[in-house]
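Database features (TrEMBL):
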type	residues	note
TRANSMEM	57-83	transmembrane segment
TRANSMEM	95-115	transmembrane segment
TRANSMEM	130-150	transmembrane segment
TRANSMEM	162-179	transmembrane segment
TRANSMEM	186-206	transmembrane segment
TRANSMEM	218-236	transmembrane segment
TRANSMEM	257-274	transmembrane segment
TRANSMEM	294-319	transmembrane segment
TRANSMEM	326-345	transmembrane segment
TRANSMEM	351-371	transmembrane segment
Amino acid sequence: MEFLTQHSQKEHDQDQANYSRELMIIDTKNTTKKSGSRVQMHDQETTNTTSTTKKHYILLLGINYLCLFVGSISSTLLSKFYFNHKGASRWVSTWVQSAGFPFLLLPIYLSFYVFKSTERKPFTGFTPKILSLSILIGFLLGFNNLLFSWGNSYLPVSTNSLVLSSQLAFTLITSVIIVKQKITYANLNCVILLTLSSVLLALGSSHDKPKGLTKSKYLIGFFSTVGAGLLFALYLPLMEKIYKKVYCYSMVVEMQIVMELAATVLATAGMTIDGGFSEMKKESTNVFDLGAKAYWLTVIFNVVTWQLCFMGTAGMVFLTSSLTGGICMTALMAVNVLGGVLVYGDNFSDTKIVSTLLCVWGFSSYLYGMYMKMKEEEKNKESSTEKLISDDQHFVEMT
């Protein structure tokens, strides 16, 4: 009897152990399902957040490129309009490129005080280093504006635009040196094609001088434009390097205000020394052949369109890279060429046709390269996410 009792007790203990083990297995399965559900819910939330962020990024990128598109074409045509109607002050042309910086205060203060779309107070987070760099680059930008004015005063719009595209090759070089830009087949092919476009233009531009323009002035305009392109090729990667320490788009706009202010100070000093302000009054009434009203409207529209151009450029560099910003600007050169031909009747020779086609070809190849790179990055990101979810579920099951 005692033996049977002990045996029954052992069977009872074994049954209890098996029952407890079954409960643990069921509990583990339920935990795994719940954990898997939590992982899936978290992944869904992450996907939704990423999708929203991507939409905002694409919207902001589109707005900046629209500003660059409208600003670049309009400012170039208006600058040429000023010189075509007997405007002669290169300091005035330089001054209007940066004097519109107060317009940039509107989006900064409206977003904080009116729309309440940001909690960051305007002009906070500026370190002495960022402020001093912004001022220094602003002076560099002011000198670049002066060179552009010299080039634009002598060269036809189409020639000026295509010569400026030579800055892209130098942008690639300075980007490699300053921000360690990787050279790929897409960006190298684009740079070669666009540079070849400029070389063809230079070789075939000897007969493209406006009437009354001497060879020496034509060369001054040509090399001033090349110099402007070189300085801008230095400006873009420098800005990209500084923007790496900037954490929001509004700060980019604020830095742009500081740079434009410094460039305006330089242009104002030059105008004061050269008598530019008194010259503006005389020019509007006695020199400009369309009258004072047309003169001041030209100046005002120039001020606005240049701000669109520079803000669009800064936004493109911040949101993408200095090389991409340079390529997008160079791609607009072909549109500027067509604008010069349609608006001012510039000669559209066979050389310019080939140069324009090379511009379009180079930009298209770069866009295709960027598209393939983005697709590859998305594919790698999806693979990494799936692997992470699988590892999490495996860890829960093991636990």
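Glycine is treated like the rest: Cβ placed from N, Cα and C.
Counted as Cβ pairs under 8 Å, contacts with the transmembrane segment (218-236) are highest for 130-150 among 57-83, 130-150, 294-319, 326-345, 351-371.
When Cβ distances are compared across the two stretches, the transmembrane segment (257-274) makes no contact with the transmembrane segment (57-83), since fewer than 3 pairs at least 6 residues apart fall below 8 angstroms. Residues 57, 60-61, 63-72, 74-75, 78-79, 81-82, 85, 87, 92-93, 96-101, 103-104, 236, 239-240, 243, 246, 249, 252-253, 255-256, 260, 280, 283-284, 288, 325, 328-329 of the same chain, all 6+ positions outside the transmembrane segment (294-319), place their C-beta atoms under 8 angstroms from a C-beta of that stretch.
A contact links the transmembrane segment (162-179) to the transmembrane segment (351-371), because at least 3 Cβ pairs that are 6 or more residues apart lie under 8 A.
Between the transmembrane segment (57-83) and the transmembrane segment (351-371) there are fewer than 3 Cβ pairs closer than 8 Å, counting only residues 6 or more apart in sequence, so the two stretches are not in contact.
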